[in-house]
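What follows is a short report on a single structure.
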Amino acid sequence: MAGIPKFAVFASGSGSNFQAIHDAVKAGKLSGQAVLVVTDKPGAFVEERARIAGVETFAISPSTFSSKELYEKEILQKLVELEVEWIVLAGYMRLIGNVLLEAYPSRIINIHPSLLPSFPGKDAIGKAMVHGVKVTGVTVHYVDAGMDTGPILAQQVVEVVAGDREQTEERIHAVEHELYTKTLQQLWSR
Ligand code: GAR
């Protein structure tokens, strides 16, 4: 691909994946430019991370719009203004609707803390622990209209620490931070 791709990160929470991606760009391990952080949760910690990183944030609450379509149109306007080419979901806990899917065909990527198609949706780590699986993992995939569906780009196995959610979560996050950066780099250097 010609040039350095401009991307936006969408996040709803802490933003540790945004941080890892931003750090990788700064370290020269990922050739992309984070031009925007979009959050559907004004006040989420990812906003603070973005501020420190010097990346513009767009905090927008879906409840202030009468439809998902109007909410996404508002986001799209901002993405177009900043010439965003890729959308990187990093803990964005909301389904992507038609407005963004049609504007960014095969250009929206997600990370999920399980080996999909196992344990889609919220609290994948908790669900895996309750199920008693011995291994879980991380999936990076293209986004479609479904919940954590879409063609898989990369997966990595993580061993569950039996009865210890905290440690299991730490392992998963460590793998996420490496795998997301690596996968995006492969995708963008094609
Ligand atoms: C990550 O574990 C990510 O995989 C998950 O949210 C967490 C966000 O952490 N995403 C999903 O569950 C998507 N269905 P972060 O805010 O620290 O990056």
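Positions of Cβ are set from backbone N, Cα and C atoms, glycine also.
TrEMBL labels come from automatic prediction, so no person has curated them.
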Practice problem: With MET93, ARG94, LEU95, ILE96, ASN110 listed by TrEMBL as binding (6R)-10-formyltetrahydrofolate, identify the candidate in LYS26, LYS29, LYS68, LYS134 belonging to that site. | Solution: LYS68
Exercise. Scan LYS68, ARG94, LEU95, ILE96 for binding-site residues whose C-beta lands under 6 Å from an atom of ligand 1 and note them, or write none.
Key: none
Quiz item: Which number gives the other C-beta atoms within 10 angstroms of the C-beta of ARG94 ((6R)-10-formyltetrahydrofolate binding site), all protein chains shown included?
Solution: 14
Exercise. Compile a sequence-ordered list of residues in the same chain as ILE96 ((6R)-10-formyltetrahydrofolate binding site), six or more apart from it, whose Cβ lies below 8 A from its Cβ; state 'none' when nothing qualifies.
Key: GLU72, ILE87, LEU89, ILE108, VAL143, ALA145
Practice problem: Report the residues of the chain - excluding GLY15, SER16, ASN17 - with C-beta within 8 Å of the mean position of the site's C-beta atoms, for the recorded N(1)-(5-phospho-beta-D-ribosyl)glycinamide site, in sequence order. | Solution: ALA11, GLY13, SER14, PHE18, GLN19, ALA20, VAL46, ARG49, ALA90, GLY91, HIS177
Practice problem: Among all chains shown, work out which of the recorded positions LYS68, HIS112 has the most CB atoms within 10 A of its CB. | Solution: HIS112
